[in-house]
Structure formats: C-alpha cells, structure tokens
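Features of the protein shown, as given by Swiss-Prot:
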- Gly47, Pro48, Pro49, Gly50, Val51, Gly52, Lys53, Thr54: ATP binding site (BINDING)
Amino acid sequence: MIQWFLKYRPRSLKDVENQDDAKKQLQEWIESWLNGNSNVKAVLLHGPPGVGKTVLAEALAHDYNFELLEMNASDSRKLQDIKSIAEKAAVYGSIFGTKGKLILLDEVDGINVREDTGAIQGILELIEKTKYPIIMTANDPWNPGLRELRNKAKMIELSKLGKYPLRRILKKICQAEKIICDDEALNYIIDSSEGDARYAINILQGIGEGYGKVTLNLVESLAKRKERELDPFETLRDIFWARYAWQAKNAATSAQIDYDMLIRWISENIPIQYDNIEDIWRAFDALSRASIFLKRAKSGDWDLLSYAYDMMSSGVAFAEPEKKKPNWKPKWKKYQFPSYIQLLSKSKDIRDTRDEIIKKLAIHSSFNKALNDTYPFFLLFYKKYDKHLNLNTKEKEYLSSISKS
C-alpha cells in the first residue's frame, strides 16, 4: 500500500499549489545558473512541515531534466557522508541522459552542530566546489547553527498552504480514489491539519481506505488535530493504543524525533507495554523489519521509508492480537527514556566533570598537556592535593568513584 501523499505528489512545478512566488524565485535562480550568470550556488527552501519544500525540488528536477541526487541531511550527518555526495556529483556522469544533476540536501535544520561534527563545514565545502546547483530544505532556517549556510544560500520561503489550495488537493485525491467525502468532513480535516498537506492526506487516506467514505462523525471520532510539538511519551501512547493502522502511522510520522531515535524509544518500551512474551516477540520482529527498511531507505531508495514507518508503527501496535477484540481496552503504562539516552547523558556529565578538574590542573599548561601528563599522576595522589584545587562536591565524588574502580 503506497501512501497517497507520495502517490499524488506533484511531478511538475505547474502542479505545485499555492507557492507561486517561491516557484518564480526558484526558476529565476535555476535559469541564471544554466546561463552561467548566477553568483549563488545554493538555495535554502524553508517553511512549515508539509508545505511542499521537497516536492518543489523534485518538481524542478523533473521540469529541467536534472538527475536528482538526494540526501536527508539529518540522517546522513557525518562529514564523510557529505563528501561522498560531492564526489558522486563531481566524478560520476549521469546514466539517465539528463542535462546534469541537482543536489538536494533535505532537512539541514536536523543537523546537530555539536554532535554531527564537520557536517555543516562539509556542506559549505560542497557549495564552494560544486559544479551543480544545490537545494537545501529546512523547517527552521533561523537555527543559530545554520548561520553560515544562510550566508551562502539564497533564502526562499514557502508559505503555509491555504484552505482553498488544500481543498483542491484533497478533492482531486477523492475523485481519483473514488472516495465520497462530506464537505463538513473536508473542512474539519483542513482545519485540523494547519496547512500541512501531508498530514491532511494521511487522515483522508486512513479513514477513506478503512471505511470507503469520509464523514464528519468519522473524522471527529478518529482524527486528532495536528499537534506541532508531540512529546515522545505521547507519541508512544498513540502508537501502542492505536485501534487502526493509520492512527499508529500518523503518530509515528508526526513525531518530533527522527526515525532512528523513535525506534530506540519504541524498543525500550515494548517490554513495558506488553506483558505476553509472544506479543513482545511479534513487536520486536516488526521493529527489526523497520530497521531493515530504514537502512535500505538511507542507501537511496527513500520510497522504502513508508514501509519502515508501517513496521515501527502499526506493526508494533498490532503485535497484541487481543486488540482486535471489540472489548479491548488500552493499558496505561509508565514509559521510560531509552537507556541509550541515559547512558549518553551520564557519559557527558562524567566527561564534563573530568574536564573541569583538568582545567584546574592546567593553570600553567595547555588542557591537552594537563590531560595527558598531569591528570594520570594526579589520580594517584589527589587526596593529598585536592584542597589546593578547591574541588566541589561533584568533582570529589567523581575522583572517589575513579579510585574505587
């Protein structure tokens, strides 16, 4: 089952709704690039989720016969991943007989500038050296970590999708799928989606495929209004408590954490949610399949991302056969953070405490010299000299734990 927002996404710029100004700016930029007159090598498309940023880039590639070289920047974050894109663009010729290539770096605001060391610098180097136009997308372009990218790129804003354009999109899909949708139900979906076309189409598909029609009563009882900030605990509850596959999938695709982290959250809490060992096994089996699809999607076949979401959401949600019974009721459980996050947090806290001690030791030397030369010996004799360093309670506890180990 293919998702409708993928099945009916615009193929050409002329089919993209409500973004006339953005389309005009993008076409002017690509025309100047093709004519050799552009001083700007990259564009940063920005706007709320579901307004068509990625679709606009794909449609541009289609209309200008470019081979699209696509990478989700928030998933392939390391410097080496960025460089591999540059090498492919620079070295390998197109096998599709196209004019050239268009590089798409999706979700650059998903890059963690602290953890993903070198990723931003890698993109800057790619922009500097590229022989092909680059399009980046972001929900939040004003992230402080993206300042250098903003300076290098032409900023093009996509507006929130209006009610009338969204209505046209949904009406076309209803006609194509032969789904009867009441006007009141359509209005409710449009209001609930807050201009997010993907979210609105997911609701339409979930109810339309499940019931063959979309009425106000069905929408009001089954569809949640769009929430921009979904707590991970709320996302888990929506997945585990879902009565329908589309509800579980909506929860997963609306999560404010990336797919990898969502899998960690689900994995940690499967044994908490399910009591029956067979239910637990089925849930982990679905989650392992999600990981396989996700790995293949990241290698370039992004259509498989939909199947990854199916497995990590409805696959996990319906691991419990009891849910199919009409008298089934959800069980409230106290979910917990992934131990992976707790370990990272604890590890960082320990390193920070250690570094504070080393800074106190490095009064007359560099930090690295104190770390490599002074610190190892200090650990052997710290009890004699700790008073001279004005160590706080946390630092003393750290040293005490080191000596015991």
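Even glycines carry a Cβ here, placed using N, Cα and C.
Each of the binding-site residues Gly47, Pro48, Pro49, Gly50, Gly52 was ranked by the number of other C-beta atoms within 10 Å, and first place falls to Gly52.
Those residues of the chain, other than Gly47, Pro48, Pro49, Gly50, Val51, Gly52, Lys53, Thr54, with a C-beta within 8 angstroms of the mean position of the ATP site C-beta atoms are Thr137, Asn139, Leu158, Leu161, Asp196, Ala197, Arg198. Ranked by how many other Cβ atoms sit within 10 Å of their Cβ, the binding-site residues Val51, Lys53, Thr54 place Thr54 at the bottom.
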